[in-house]
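For reference, the structure discussed in these notes is given below.
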Amino acid sequence: MDNDRQKALDTVIKNMEKSFGKGAVMKLGDNIGRRVSTTSTGSVTLDNALGVGGYPKGRIIEIYGPESSGKTTVALHAIAEVQSNGGVAAFIDAEHALDPEYAQALGVDIDNLYLSQPDHGEQGLEIAEAFVRSGAVDIVVVDSVAALTPKAEIEGEMGDTHVGLQARLMSQALRKLSGAISKSNTTAIFINQIREKVGVMFGNPETTPGGRALKFYSSVRLEVRRAEQLKQGQEIVGNRTKIKVVKNKVAPPFRVAEVDIMYGQGISKEGELIDLGVENDIVDKSGAWYSYNGERMGQGKENVKMYLKENPQIKEEIDRKLREKLGISDGDVEETEDAPKSLFDEE
């Protein structure tokens with residue numbers, strides 16, 4: 001580029017930075033090699049499936065699936081992980097169904113969890129936006145998109161039709177939220193339900209409420225489904241759950257994480273350490289027996305889970321070795337640069 005054109009471009013960029021702040025315009029190459037900043041999901045299996053070691057910060061995440069599949073459980077584990085690293089969490093309970101005792105059992109510090117139970121959708125999304133724009137909240141969970149009922153629908157009669165109201169509400173909210181979420185480095189998790197399209201003869205009839213906006217704005221979309229029941233004798237104690245990464249803008253998609261969700265306890269950390277340990281040759285399996293470093297831990301997966309609960313040192317050792325082998329950090333992964341750099345900053 002000749003000098004006159006370069007001077008003209010420099011002047012324009014300086015004016016932009018005066019008007020809109022430092023970092024309003026950057027060269028793409030300045031960001032190459034910059035590691036994605038993440039926060040752990042609370043599950044080493046899901047961290048691995050996401051490809052970057054957890055949920056990317058400053059992005060929108062959608063978790064959807066059938067009823068009682070474990071969507072809220074997955075989100076609560078992320079909140080517990082953020083809080084354990086000194087972060088601040090907020091929960092927008094549009095369904096008015098959060099169980100504080102269950103949240104506490106999953107490791108959530110309920111005394112320091114900011115909770116809102118909004119009267120209507122607009123209020124819930126405005127509260128979420130206020131939390132994000134504050135820059136002081138690390139994770140915001142909205143449970144659920146389907147329960148964000150527009151004010152007009154709540155104030156109307158029971159039989160009134162409100163075509164596309166919720167979709168328009170979500171579209172407008174996400175247009176406002178997406179930029180603020182990126183700047184504040186907040187992880188925003190939207191939990192969603194499943195509906196069926198009427199009259200679909202071919203293909204998948206399932207869809208998610210709230211229009212298409214959330215599908216577009218989400219960097220990660222997770223589909224949560226129960227695979228099978230887990231039994232201890234005749235008693236059903238939990239579910240084997242499949243979490244499929246349907247969309248991923250920060251790593252290759254379509255990877256699947258299989259976890260054990262135990263009733264009243266959440267994701268079994270011991271269960272996933274056993275499964276991943278066997279896959280990665282850290283835990284040895286011979287028939288129904290499991291052993292570590294030549295020492296037998298037990299016969300059958302449930303017995304080995306109990307062994308790991310009773311021996312936290314061995315559990316931590318297996319966890320550390322797994323994270324090292326898979327290249328997953330324990331906790332937050334920070335970016336190399338905290339703030340955007342001006343094109344005119346001196347090296």
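Note: Cβ is positioned from N, Cα and C throughout, glycine not excepted.
Some features that Swiss-Prot has for this protein:
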| type | residues | note |
| --- | --- | --- |
| BINDING | GLY65, PRO66, GLU67, SER68, SER69, GLY70, LYS71, THR72 | ATP binding site |
| REGION | 325-347 | region 'Disordered' |
| COMPBIAS | 338-347 | compositional bias 'Basic and acidic residues' |
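Annotated features taken from Swiss-Prot, shown on the structure.
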{"residue": "GLY65", "record": "ATP binding site", "CB count, 10 Å": "24"}
{"residue": "PRO66", "record": "ATP binding site", "CB count, 10 Å": "14"}
{"residue": "GLU67", "record": "ATP binding site", "CB count, 10 Å": "8"}
{"residue": "SER68", "record": "ATP binding site", "CB count, 10 Å": "10"}
{"residue": "SER69", "record": "ATP binding site", "CB count, 10 Å": "23"}
{"residue": "GLY70", "record": "ATP binding site", "CB count, 10 Å": "24"}
{"residue": "LYS71", "record": "ATP binding site", "CB count, 10 Å": "26"}
{"residue": "THR72", "record": "ATP binding site", "CB count, 10 Å": "24"}
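Compute the center of the Cβ atoms of GLY65, PRO66, GLU67, SER68, SER69, GLY70, LYS71, THR72, which mark the site for ATP; besides them, the chain residues with Cβ within 8 Å of that center are VAL224, ARG225, ARG226. In the three-state DSSP scheme, GLU67 (ATP binding site) falls into the coil class. In the three-state DSSP classification, THR72 (ATP binding site) falls within a helix.
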